[in-house]
Amino acid sequence: MTTPTTSSSDVATTTGNHYHLRKQNRQHSLPVAPRDYVHLYSSLLAGAGSGALASITCAPLDLVRTRLQVWGERRGQMGAVQIIPQMIREIVAKEGWKGCFRGLGATLITVPAFWGVYFPVYNDLKRHGASAYPQYSTTVIHMGAAVSAGAISDVLCNPLFVIRTRIQTDFLHGGGVPKSIASTARSLLRESGGNYLIFWRGMTANMLGLSHVGVQFPVYERLKRMLRQNHQSSRDTAFHVMIASALSKMTACVLTYPHEVIRSRMMDARSQNGFVPTCRQIYAKEGWAGFYAGLPVSLVRVIPNTCITFVTYELFCQWSREMIDEYRSK
């Protein structure tokens with residue numbers, strides 16, 4: 001067989017073509033808009049505030065969902081309509097009304113912290129991507145910004161999520177009086193022999209779960225744009241945000257839900273279970289259905305939770321943007 005040869009002139013031509021292509025791309029890229037720190041801070045406050053409001057409103061549903069994910073084999077064959085009130089009655093009977101809000105203190109730190117990091121990082125990456133890479137579609141820009149912001153937020157906030165999951169599920173393992181955040185953190189360290197990496201347990205599932213925001217936010221942005229165009233509106237109304245956030249979250253939840261179950265099991269596990277052993281254990285005990293444990297409850301929960309978070313965030317950002325612009329114009 002004759003091996004094709006490449007002459008030095010061909011190499012030079014190819015190198016030259018690549019150089020001119022890169023130069024052309026740089027010429028067509030738009031100047032990156034300057035970072036507006038005031039708007040970034042308002043985005044941080046809006047994200048934290050909306051996360052706190054949603055956490056308080058949906059605390060009982062969040063607790064039920066987490067316990068169903070962890071205790072999947074006990075869920076039976078009931079649908080979400082039957083199992084939600086039954087589990088809430090069980091919690092009230094065994095733990096009192098305060099039991100419905102077990103882990104709320106940790107949640108009020110965890111969720112606002114997550115959205116307080118996520119929204120400003122996402123908006124900043126979206127702004128930079130649109131200016132630096134105009135050759136890519138807005139869907140690709142939004143997907144890249146969403147996944148990158150999710151990775152940063154997950155790494156920073158994972159210890160808080162691990163502590164929250166332990167507090168919410170401690171009663172299932174014979175725990176009595178709810179533990180504080182500090183005592184739960186100390187218990188985790190004792191279990192791990194002082195290994196701080198236990199606070200990043202579930203990160204493998206989290207990284208796989210970045211596909212969730214990679215689906216949710218591009219769909220959310222596209223739906224908002226479509227609703228604005230259909231109603232010939234120059235701004236997002238609360239109704240637009242409510243519809244777009246609910247549909248995008250439901251779409252992402254159905255497509256990427258298994259990672260949430262795996263993550264919850266890994267965070268809850270008292271043994272040092274890794275990603276693959278956790279998957280094998282779920283499949284061996286519950287089959288494929290185990291990877292969707294708590295999905296009906298999660299779908300019931302995500303609608304109000306996501307709507308509250310996103311509507312509050314968008315309206316606060318609009319209000320703060322108008323106030324800041326009005327102040328600067330004086």
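Heads up, residue numbers simply count up from 1 along the chain you see.
For all residues, glycine too, the Cβ spot is worked out from N, Cα and C.
Because TrEMBL annotations are produced automatically, they should be read as predictions rather than curated entries.
For 1-17, the entry in TrEMBL reads compositional bias 'Polar residues'.
Annotation comment: TrEMBL describes 1-27 as region 'Disordered'.
The repeat 'Solcar' annotation in TrEMBL covers 38-128 (among others).
Positions annotated as repeat 'Solcar' by TrEMBL: 137-226 (among others).
Model confidence over the repeat 'Solcar' (236-319) is summarised by a mean pLDDT of 87. Summarising the annotation, TrEMBL assigns repeat 'Solcar' to 236-319 (among others).
For 99-121 (among others), the entry in TrEMBL reads transmembrane segment.
Positions annotated as transmembrane segment by TrEMBL: 141-163 (among others).
Within the chain, the transmembrane segment (141-163) has long-range Cβ neighbours (under 8 A, six or more residues past its boundaries) at 106, 109-110, 113-114, 117-119, 121-123, 125-126, 129-130, 133, 181, 184-185, 188, 198-203, 206-207, 210-214, 216-218, 221, 267.
Assigned with DSSP, the residues of the repeat 'Solcar' (236-319) fall into helix, strand and coil as follows: 72 helix, 0 strand, 12 coil.
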